[in-house]
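K.L.:
This structure is in structure tokens; I'll ask about it shortly.
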Amino acid sequence: MKKKYKIDTNIFSKELLGFWLYLMSDCIIFCTLFSVYFILVDNVAQGPSGHNIFQNNLIIIETFLLLFSSFSCNLVLFEMKNKNLYMVFLWLGITFLLGLLFVFLELFEFFHLINLGFGPTRSGFLSSFFVLIATHGIHVISGLIWIIVMIKYVYTFNITNLIYYRMLCLNLFWHFLDIVWVFIFSFVYLFGMV
């Protein structure tokens with residue numbers, strides 16, 4: 001006889017407290033990196049500033065990729081509640097592909113800037129810019145690895161409370177990365193273009 005279970009959807013449950021604390025520590029890291037960036041933004045050492053190097057089209061595409069991946073990541077939880085395995089795999093795959101495209105565009109931007117001679121050693125501004133964007137990119141890559149692990153878990157164990165809980169943590173992490181990206185987009189790229 002198949003065991004019935006009810007999925008707990010409370011994002012403020014005591015089981016998630018540790019993960020919320022982790023997200024807060026990540027938030028402190030990004031706040032520190034933003035502070036360093038804002039302190040060094042005018043230290044261009046006779047090199048380029050943001051309005052000289054930022055590419056509007058690339059940044060907008062990156063933003064849409066990450067925002068759409070957040071939407072698709074949310075649909076994974078919805079389909080888990082409905083116990084629709086096919087759609088869970090589909091939305092996890094779409095989230096993974098969108099995140100992977102985002103990372104490729106970030107790497108393209110980095111290599112493009114370095115090829116132009118605007119690497120992280122050029123100025124304080126570029127150092128802080130590269131560290132902030134690379135830290136976000138490393139977090140996105142970590143999220144992509146987590147998505148692969150979740151695909152394996154769901155494939156192996158089906159949908160259980162533990163799998164749902166892990167997916168909920170991934171979802172919170174992915175949304176956190178989106179929020180950080182919105183800040184990067186707004187305060188680094190948009191203000192940097194002015």
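The backbone N, Cα and C atoms fix where each Cβ goes, glycine too.
Residues annotated as topological domain 'Cytoplasmic' in Swiss-Prot: 1-18, 79-84, 150-169. Annotation comment: Swiss-Prot describes 19-41, 56-78, 85-107, 127-149, 170-192 as transmembrane segment. Sequence annotations record features per position, and here Swiss-Prot assigns topological domain 'Extracellular' to 42-55, 108-126 based on sequence analysis.
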K.L.:
Residue counts in helix (H, G, I), strand (E, B) and coil for the topological domain 'Cytoplasmic' (150-169), per DSSP?
P.N.:
17 helix, 0 strand, 3 coil
K.L.:
Let me spell it out: take the topological domain 'Extracellular' (108-126), skip the flanking residues so only those 6+ beyond its ends count, and list any with a Cβ under 8 Å from a Cβ in it.
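P.N.:
Counting only partners 6 or more residues beyond its ends, the topological domain 'Extracellular' (108-126) has Cβ contacts under 8 Å with 40-45, 47-50, 53, 55, 58, 133-134.
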K.L.:
Tally the residues of the topological domain 'Extracellular' (108-126) by DSSP class, grouping H, G and I as helix, E and B as strand, and everything else as coil.
P.N.:
11 helix, 0 strand, 8 coil
K.L.:
Would you list the DSSP helix, strand and coil counts for the residues of the topological domain 'Cytoplasmic' (79-84)?
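P.N.:
Per DSSP, the residues of the topological domain 'Cytoplasmic' (79-84) fall into 3 helix, 0 strand, 3 coil.
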K.L.:
Quick one: mean pLDDT on the topological domain 'Cytoplasmic' (79-84)?
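P.N.:
Across the topological domain 'Cytoplasmic' (79-84), the average pLDDT comes out at 93.
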K.L.:
Which sequence-distant residues neighbour the topological domain 'Extracellular' (42-55)? Criterion: at least 6 residues beyond either end, Cβ under 8 Å.
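P.N.:
Counting only partners 6 or more residues beyond its ends, the topological domain 'Extracellular' (42-55) has Cβ contacts under 8 Å with 109, 112-113, 116, 118, 122-126, 129, 188-189, 191-194.
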